[in-house]
């Protein structure tokens, strides 16, 4: 019976959306997200992608209602994009080919005492509102800024929006909207003796000339530390003891693109294919499923108001503990 039910899911899903309902939903979706297309042909091709994504979402959620998945999906502003396009235009992690970890930057966890069962830095006032990087490969800048903001709050008691555009334009070791790496950003802030606030250096979502101005400086750092590679226990300790941590993940799957709620775990997520930088702002457990609380930079229309709960202690799912780091202040 179970096998028959699963086989019937695509048929049931397709039957849920006759053509006239699809037409209505398409028009509503375009209006909701203010979508306009250059030509009729462009709109037709985008609608086909949207319909394919809608079908994927419907089938997944039917399976979730049967207990197959621990999370649900929903249509969002990325509905007319393929997962390949999302990775190309809206991620941006670029790991240096010559990257090497040294004892000078390695974070050695303090294992004394027990780490809290759950931590949420949003409730402690360490986390600024969710941002939207747009179609610029600047995830690394938003991840870095988020970690810096958390440490600034911890050290000074003040929560300020720092400038990802400052990093996009000025970190010469990275490639701006073409991609970058978080520790390069921390090194820049250290050598530059500061990073501007968002108010002083607003985000524009494209590469510009470096316009850093010391009068707008809002934070600085003394270097960075890296979590032992692939060690989720060390990452948990770092989150609990340090604050929000910059992490890298595989965000290439359609399931990630349309995540809505629940604890995200997709066995197809590749821990060796790290393409997106995000911010770990806590951890916990939901309905028996351990998770990380992750802040993304795709706006509040994505996920659960811009956040996703990602599986914790499930063989380093999506590679979340492979390239974790934080700044020292």
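The backbone N, Cα and C atoms fix where each Cβ goes, and this holds for glycine too.
For residue 139 (active site), the number of other Cβ atoms no farther than 10 Å from its own Cβ, over all displayed protein chains, is 29. Per Swiss-Prot, active site is recorded for 139 (among others).
Note: residue 276 (active site) has non-local neighbours 87, 91, 92, 93, 139, 248, 249, 250, 251, i.e. same-chain residues 6+ apart with C-beta under 8 A of its own C-beta. Feature annotation from Swiss-Prot assigns active site to 276 (among others).
Using a 10 Å radius centred on the Cβ of residue 296 (active site) and all shown protein chains, the other Cβ atoms total 28. Residues annotated as active site in Swiss-Prot: 296 (among others).
Sequence annotations record features per position, and here Swiss-Prot assigns disulfide bond to 136-177 (among others) based on similarity to another entry. Close to residue 136 (disulfide bond) in the fold, though at least 6 residues off in sequence, lie 89, 92, 168, 176, 177, 205, 206, each with a CB less than 8 Å from its CB.
What Swiss-Prot lists as disulfide bond is 170-210 (among others). Secondary structure at residue 210 (disulfide bond), as computed by DSSP, is coil.
Sequence annotations record features per position, and here Swiss-Prot assigns disulfide bond to 269-318 (among others). Of all Cβ atoms in the protein chains displayed, 23 besides its own lie within 10 Å of the Cβ of residue 269 (disulfide bond).
Taken from Swiss-Prot, the feature N-linked glycosylation site covers 103, and the record attributes it to sequence analysis.
Sequence annotations record features per position, and here Swiss-Prot assigns signal peptide to 1-15.
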Query raised in the report: For residue 318 (disulfide bond), which residues of its chain lie six or more apart in sequence with Cβ-Cβ distance below 8 Å?
Result: 249, 250, 251, 266, 269, 270, 271, 310, 311
Query raised in the report: Rounded to an integer, what is the Cα-Cα distance in Å between residue 170 (disulfide bond) and residue 296 (active site)?
Result: 22
Query raised in the report: If one measures from the C-alpha of residue 210 (disulfide bond) to the C-alpha of residue 296 (active site), what distance in angstrom results, rounded to a whole number?
Result: 25
Report summary line: DSSP, reduced to three states, assigns residue 170 (disulfide bond) to helix
Query raised in the report: If you count Cβ atoms within 10 Å of the Cβ of residue 170 (disulfide bond), leaving out that atom itself, what do you get?
Result: 22
**Report entry** Number of other Cβ atoms within 10 Å of the Cβ of residue 210 (disulfide bond) across all protein chains
**Finding:** 15
